[in-house]
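Per Swiss-Prot, the feature ATP binding site maps to SER190, SER191, GLY192, THR193, THR194, LYS198, GLN332, GLY333, THR337, ASP421, ARG436, LYS527. Residues or ranges marked as (E)-4-coumaroyl-AMP binding site in Swiss-Prot (evidence: similarity to another entry): TYR240, ALA310, GLN332, GLY333, THR337, MET345, LYS438, LYS442. The CoA binding site annotation in Swiss-Prot covers LYS261, LYS444, GLY445 and rests on similarity to another entry. Look at Swiss-Prot and you will find 263-332 tagged as region 'SBD1'. Residues or ranges marked as region 'SBD2' in Swiss-Prot: 333-400.
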Amino acid sequence: MGDCVAPKEDLIFRSKLPDIYIPKHLPLHTYCFENISKVGDKSCLINGATGETFTYSQVELLSRKVASGLNKLGIQQGDTIMLLLPNSPEYFFAFLGASYRGAISTMANPFFTSAEVIKQLKASLAKLIITQACYVDKVKDYAAEKNIQIICIDDAPQDCLHFSKLMEADESEMPEVVIDSDDVVALPYSSGTTGLPKGVMLTHKGLVTSVAQQVDGDNPNLYMHSEDVMICILPLFHIYSLNAVLCCGLRAGVTILIMQKFDIVPFLELIQKYKVTIGPFVPPIVLAIAKSPVVDKYDLSSVRTVMSGAAPLGKELEDAVRAKFPNAKLGQGYGMTEAGPVLAMCLAFAKEPYEIKSGACGTVVRNAEMKIVDPETNASLPRNQRGEICIRGDQIMKGYLNDPESTRTTIDEEGWLHTGDIGFIDDDDELFIVDRLKEIIKYKGFQVAPAELEALLLTHPTISDAAVVPMIDEKAGEVPVAFVVRTNGFTTTEEEIKQFVSKQVVFYKRIFRVFFVDAIPKSPSGKILRKDLRAKIASGDLPK
C-alpha cells in the first residue's frame, strides 16, 4: 500500500489588523444611521451645485418618507427599483428609502443607451424607475409597455411623477418590515471575469460587513470621523462610490459633498471652499490632477486622504499626485463588485497607520481571508509567487441573479471568490496586482465586456468574425480595440465600424481602433486566444 498523503493546507493571508465585531444582523440602513444620536444635527449632504445642505436627521427622515412613498406606489418587500441618476441628494434618499422598504436598488449608468438600460430593466425585473427628465426618453416606451412607474427628480414630463411625491409621504404610514440579513439590498451589474453583464446580488449582511471592515473598530482600516468632509465625485451607480462614499460616509458620520460630474476647475474650487479632507478617486481623476496646470492655483492643504481604486495606479502617477496634496496620505484599494467590493485597502489610511509601498493596493481587509492560487492547479501559493487572487468572507456577493452557472464558476464550493486577477502578496502582507486572467477591459475604471462588443460587431452584415481586447492608453488606462474579419468581397472601413458601434453603446464602450485580419486566433474548443491578440498589440505587429 502506498503512503497516505495528507491534503495540502491552504496558505491563507489575513489582515494585519485584528478582527472586529460586526453587527451583521442589522439592516444596512439601520447600521448606517446607528450613530445618528451623535451626529443628527450635523451636515450630512451638501449639494455642490446649489449649496443646499441636509443634516443627518433630515437625511434619515427623508429616507423613511421615501420608503413610505414607495410602499404607497405598490413597491413590496423584495421588489426592485432602478436608479438611473447622476450623483444627487435624491440618490441617497432613493437608495436608503428602498432599503427601509425592504426593496432592492439596481443602479444603471444614466449615459447608457436606451438598449443598454432596457436590457438591465428586463434582467432585474425593476418595477419602478427613478431618473431625470433628460433620460426619460430612454425608458418611456418600455415603461409604458410594462406598466413601470417613472419618477423624476426634476421637472417631470407627462405620465411621470415628481420625486417630491415620495418625500412628502407620511413616514408613520410605512408598515413594519422584517429584513433578513441575507436579503438583497443592491443589484449592481458587472461582467465578472467574463461574458455579459450580470446582476450582482449584494445583501444587507454583505454591505454591512464590507463597510465595517473599512471604517469600524478602534483602529479602522479607513479612518474617518465626523469632522471630515468627503467629496462624492465618483458616480454612485458604481459600487466603489456607493460603498466607500454613501455607506462608509454615513456610518462614519462625515459630511458628503456631492458633485454631479468631474470638471477640474469646479472640482478644485469645491475642495478649497469646503475644505475637503477625503478624496475617493479613480486613476483618470488622479491623472487629471497630476497633469493640470491649474491645480497649483488652489489650496488643497485640507485633504488628508487620497484613495484610488477601480483600476491600478502606477508608481509614477502616485508620486506625481503626492506633490499636489501636501498633507495627504495617498494609497490604493482593490475591489471587485462581486466581492462587495473591497478586498484590500492601504493601511496608511488606518487610525494608527502603517508604512506602505508605492504600487501596492493594500492588505486584505479584516474579518476576511485571502489566498493566491495557481490558475492551472488551484493549489495555494506562498508569498511572492504570482497567482489568481481569491477572497472569502461575509462581504462577498450572494451570487449572480438568475445565473447559478456563473455563480458556481466564480464562487467555489469552499466559499472562495475567484477574482480573475493575477497578483502576489509580499513579505509585508502587501498585495500587488500584476495581470488579469479575466477578459474585462477597464476604461477609466468602467467595465467593458469584450463579449458584449463582439456580439454587437457580429450583427454587422459585413463582419464575419470579431474579437475585442484592451490596448494600453495613458489617459483611460485601457481602451477597447477590435480585430475584425470582413465578409468576403466587402471593404467596410474602420470608421464605418466605429460609427456602427458608437451609435449603440455608452461612450466608454466605443471601439478606439479596428484592425482587419484574415482570421481570429482560437483554441481547438473555439475560445478566442486573447493573449495572442494582446501580444500583437504589445509588439506593434499590427495589420495596416
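Using N, Cα and C of the backbone, Cβ positions are placed for all residues, glycine too.
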Rounded Cα distance in angstrom between GLY333 ((E)-4-coumaroyl-AMP binding site) and SER190 (ATP binding site) is 18
Please report how many Å separate the Cα atom of ARG436 (ATP binding site) from that of LYS442 ((E)-4-coumaroyl-AMP binding site), as a whole number.
-> 11
CoA site shell beyond LYS261, LYS444, GLY445, criterion: Cβ within 8 Å of Cβ centroid = LEU234, PRO235, PHE262, VAL282, PRO284, ILE285, PHE446, TYR508
If you count Cβ atoms within 10 Å of each one, which of the binding-site residues SER190, GLN332, THR337 comes out on top?
-> GLN332
Fewest neighbouring Cβ atoms within 10 Å: which of the binding-site residues LYS261, ARG436, LYS438, LYS442, LYS444?
-> LYS261
Taking helix as H, G and I and strand as E and B in DSSP, count the residues of the region 'SBD1' (263-332) in helix, strand and coil.
-> 33 helix, 12 strand, 25 coil
With neighbours defined as other CB atoms within 10 A, the best-packed of the binding-site residues GLY192, GLY333, GLY445 is GLY192
Three-class DSSP secondary structure - TYR240 ((E)-4-coumaroyl-AMP binding site) = helix
Would you count the other C-beta atoms found within 10 angstroms of the C-beta of TYR240 ((E)-4-coumaroyl-AMP binding site) for me?
-> 22
Cα-Cα distance maximum in Å, computed over every pair in LYS261, LYS444, GLY445 that the record assigns to CoA = 15
With GLY192 (ATP binding site) as the reference Cα, tell me which of the binding-site residues TYR240, LYS261, MET345, LYS438, LYS444 is the closest one.
-> LYS438
